[in-house]
């Protein structure tokens with residue numbers, strides 16, 4: 001069975017890269033295979049309810065890790081009052097966590113290739129919970145900032161690993177639907193964080209309970225995942241089965257030097273040499289940074305300018321949530337109709353992934369400009385809140401389909417492409433909130449958001465460019481499977 005062998009053999013060489021040792025996967029596992037196409041041990045052959053359950057568990061852990069990134073954003077005022085720090089310094093509680101998202105994939109990506117999905121993911125979530133405890137009882141801001149960075153680093157484990165877990169379980173067409181639902185959790189987490197954090201911070205519980213809630217949620221869902229979900233990474237599953245049966249052939253060996261080269265060097269080479277990866281990483285990084293900037297911009301617009309309290313002021317984030325869910329529906333409909341027909345007739349159609357992304361590239365700046373020019377306090381609040389639906393839908397469509405396109409284009413090289421993409425996103429996600437207050441204070445909400453809208457408009461051509469010329473560009477690359 002060819003597909004089983006391809007999944008189990010991680011030292012595959014890519015087309016056009018024979019002379020490039022960095023194109024080889026770093027783990028020389030023995031060539032093992034399943035006992036036929038219906039082998040029940042193959043994660044692809046799990047029952048649909050079992051696949052859905054595992055997917056839901058992975059989505060829950062991703063949601064919790066991203067929820068933790070923004071849940072403290074409404075606590076800036078209390079941090080300023082309690083520790084006597086500036087507003088700009090208080091934003092580091094969010095920025096350092098997101099910076100950890102840039103570092104974590106460099107650790108957990110290689111770990112998932114050597115140890116499988118389950119144990120690195122579980123260790124990461126557990127350590128995230130452990131390092132949240134010092135924040136909840138912190139007596140100084142240094143403890144908060146250091147531990148927030150560590151929390152973000154370990155919380156990156158689900159972000160770095162869960163996508164691979166979905167690829168283990170689902171065939172390409174079904175995976176498109178599973179990933180769409182999964183992606184909603186990725187974005188619902190950071191959007192719901194300020195909503196929950198706002199009401200918790202405002203209540204008698206105070207800001208420290210934002211951390212206790214994160215700890216409780218993460219440990220409960222981690223326990224469910226660890227107890228009920230099996231390992232899904234085929235090479236590891238096959239190796240364990242062979243060892244159990246006494247059939248493990250010699251040659252299973254990890255080359256840690258090559259592992260370091262592949263994960264530390266190849267992603268940067270790809271970013272420089274691959275126009276598809278470079279432009280999509282720039283676009284997705286901007287979108288990610290803008291999302292985290294919203295956690296500072298929305299309170300300025302609704303709490304400072306319209307005079308809403310911290311709890312009510314977090315409710316407009318629900319409009320982004322609605323937009324995210326609409327985006328999920330759009331992707332599912334596209335996958336089951338146009339994408340399905342394309343796969344049936346052509347067999348491989350990466351550029352078809354860009355159709356929803358093109359829609360999102362129009363919706364996103366439209367929502368930003370709408371938000372900007374309905375922010376005047378003399379206007380009703382409702383139109384400004386509704387703009388969040390277009391922003392949320394645009395964010396989801398651009399980000400998710402950009403990620404799907406990268407995976408389809410680079411295939412087994414996708415881990416390297418995604419790791420550099422995640423690192424760049426994390427840097428922008430951490431950086432954007434830091435200049436938000438300066439920009440909005442100096443330019444005002446209308447022009448600050450309009451500036452971001454113009455930058456977003458400048459990136460609109462990206463999906464259209466690759467939809468038209470993507471196939472031709474892929475033929476130039478030594479990292480893609482043409």
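Every residue number used here counts from 1 along the chain in the order it is shown.
The backbone N, Cα and C atoms fix where each Cβ goes, and this holds for glycine too.
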**Report entry** Residues flagged as transmembrane segment in Swiss-Prot, choosing from 254-274, 275-295
**Finding:** 275-295
Requested in this report: From the ranges 209-229, 230-250, grab the one Swiss-Prot calls transmembrane segment.
Outcome: 209-229
Requested in this report: Round to a whole number and give the Cα-to-Cα distance in Å for the pair residue 45 (N-linked glycosylation site) and residue 376 (N-linked glycosylation site).
Outcome: 56
Report task. Inside 10 Å of the Cβ of residue 45 (N-linked glycosylation site), count up the other Cβ atoms and send me the figure. Result -> 15
**Report entry** Interface-richest range of 176-196, 209-229, 427-447 toward the transmembrane segment (275-295), CB pairs under 8 Å
**Finding:** 427-447
**Report entry** Cβ-Cβ neighbours of residue 376 (N-linked glycosylation site) (radius 10 Å)
**Finding:** 12
Query raised in the report: In the same chain, which residue numbers or ranges, 6 or more beyond the ends of the transmembrane segment (125-145), come under 8 angstroms Cβ to Cβ?
Result: 61, 64-65, 68, 79, 83, 85, 89, 92-93, 96, 151, 154-155, 157-158, 208-209, 211-212, 214-215, 218-219, 222, 225
Requested in this report: Please report the DSSP secondary structure of residue 376 (N-linked glycosylation site), reduced to three states.
Outcome: coil
Query raised in the report: Going by DSSP, is residue 45 (N-linked glycosylation site) part of a helix, a strand, or coil?
Result: helix
